[in-house]
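Colleague: Let me give you the structure first, and then I'll get to my questions.
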Ligand code: ADP
Ligand code: ASP
Ligand code: MG
């Protein structure tokens, strides 16, 4: 007898009917002879509605109170799914994050899990129960409720699977697996049968919302076999694992994208030795995440610096730069909003030079101007105008022959 952790996302538990259907998927797994821990998200768009509700009360709500509010979404689902299982004759018990022993660091809105005390969950499993755990939430060592960041229920599931040494973790969602790109935007996207942890981590970090990046990080660190599959269709999903054989010698395995990117340029920084460290230390202390960074030295020994941030961080970034202008010593700051980042990912790039060049050529043929670039061993990212984002994804998806992959069902 094995142990399986199943996770069901918001759409999959979006109505009473769907919760009853999820109960059937849990029972199927039990009938295969496995113990089951189920992790669920809030129903449908509940979390978004709660965020809107808070903004109607207070335009800048405290992060602690936001966590108390947002964690209620998942609490609704755990009770309803347990009731659904009980109605179908299966013994089940619901646990909030803190009841399930999920301890996090003391950070609101984006906490990391530091420890999971599994005793209670294990006791209930031993009594033959299905344990239904609220995703996305935990508790600090001083007893405050925290949340793990949007999409964080995936991370709860993988972390519990790792702590319980489960045989696998199945992420049930509204698509049939991990695709070469978001199938909602690109019709020729193809489901991959397998993808490596490293590639999936890049895709998730670069905007492929199908998995929370920390869930992939956890799965890799603890070597948890992870499967993404549909909660509706009985279709084989995508396995995410350490080593993956190259499907048809693919150099690129996926295209990821995200919008709401802003680039900021600081002109004429006077101190080449310290400007960079001072700027980025200051921004980090305000929790502003900087992504791509480009620096160039001008003829008169001044430094120009461009970097990309999320649109939502622009106001604070400009304020921070202005407040520290004297210390930083620069001429002026400009910014450009309405940008997007489009990235290609694949471990085949390591042994294939010229992939970045091919990407730039494809974009230039479509007259898409590249504003920023960043690369790693297995990815190339470009920042372009937001209006061109979907077009860029489509042409790159075709150019790297992902549209020609067989359709797996
Ligand atoms: P859940 O509520 O189940 O967690 P999410 O909305 O978080 O579901 O994630 C599933 C969505 O991820 C899909 O509906 C799809 O639009 C999006 N997505 C983005 N990139 C990909 C990709 N490469 N493969 C599959 N889905 C993707
Ligand atoms: N309910 C949370 C969200 O919408 C967490 C999750 O769904 O994973 O972000
Ligand atoms: Mg999700």
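In case you wondered, yes, glycine gets a Cβ from its N, Cα and C as well.
Sharing the feature lines straight out of TrEMBL:
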BINDING   7, 8, 9, 10, 173, 174, 184  ATP binding site
BINDING   47, 74  substrate binding site
DOMAIN    264-338  domain 'ACT'
DOMAIN    344-409  domain 'ACT'
Colleague: Just to be sure I understand the contacts, which binding-site residues have a Cβ under 6 angstroms from any atom of ligand 1? Candidates are 7, 8, 47, 74.
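Modeller: Not one meets the Cβ criterion.
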Colleague: With helix taken as DSSP H, G or I, strand as E or B and everything else coil, how many residues of the domain 'ACT' (264-338) land in each class?
Modeller: 28 helix, 26 strand, 21 coil
Colleague: Would you count the other C-beta atoms found within 10 angstroms of the C-beta of residue 8 (ATP binding site) for me?
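Modeller: Cβ-Cβ neighbours of residue 8 (ATP binding site) within 10 Å number 29.
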Colleague: Quick one: what's DSSP say for residue 173 (ATP binding site), helix, strand or coil?
Modeller: strand
Colleague: Let me make sure I understand the structure: which of the binding-site residues listed (74, 174) has the fewest other Cβ atoms within 10 A of its Cβ?
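Modeller: Sparsest of the binding-site residues 74, 174 by Cβ contacts within 10 Å: 174.
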Colleague: DSSP helix, strand and coil counts for the domain 'ACT' (344-409)?
Modeller: 30 helix, 14 strand, 22 coil
Colleague: If you check the binding-site residues 7, 8, 173, 184 one by one, which have a CB less than 6 Å away from any atom of ligand 2?
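Modeller: Cβ < 6 Å from ligand 2: none of the binding-site residues.
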Colleague: Name, in the order they occur in the sequence, the residues of the same chain whose CB lies under 8 A from the CB of residue 47 (substrate binding site) and which sit 6 or more residues away.
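Modeller: The list for residue 47 (substrate binding site) reads 10, 41, 70, 73, 150, given in order along the sequence.
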Colleague: Which binding-site residues among 7, 9, 184 have CB under 6 Å of ligand 3?
Modeller: 9
Colleague: Determine, to the nearest whole angstrom, how far the Cα atom of residue 174 (ATP binding site) is from the Cα atom of residue 74 (substrate binding site).
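Modeller: Distance (Cα to Cα, whole Å): 18 Å.
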Colleague: Could you give the maximum C-alpha to C-alpha distance in Å for the residues 7, 8, 9, 10, 173, 174, 184 that bind ATP per the record?
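Modeller: Between the most distant Cα atoms of the ATP site, 21 Å.
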Colleague: May I ask which residues of the same chain, at least 6 positions away in sequence, place their Cβ under 8 angstroms from the Cβ of residue 173 (ATP binding site)?
Modeller: 8, 9, 11, 12, 210, 228, 229, 230, 231
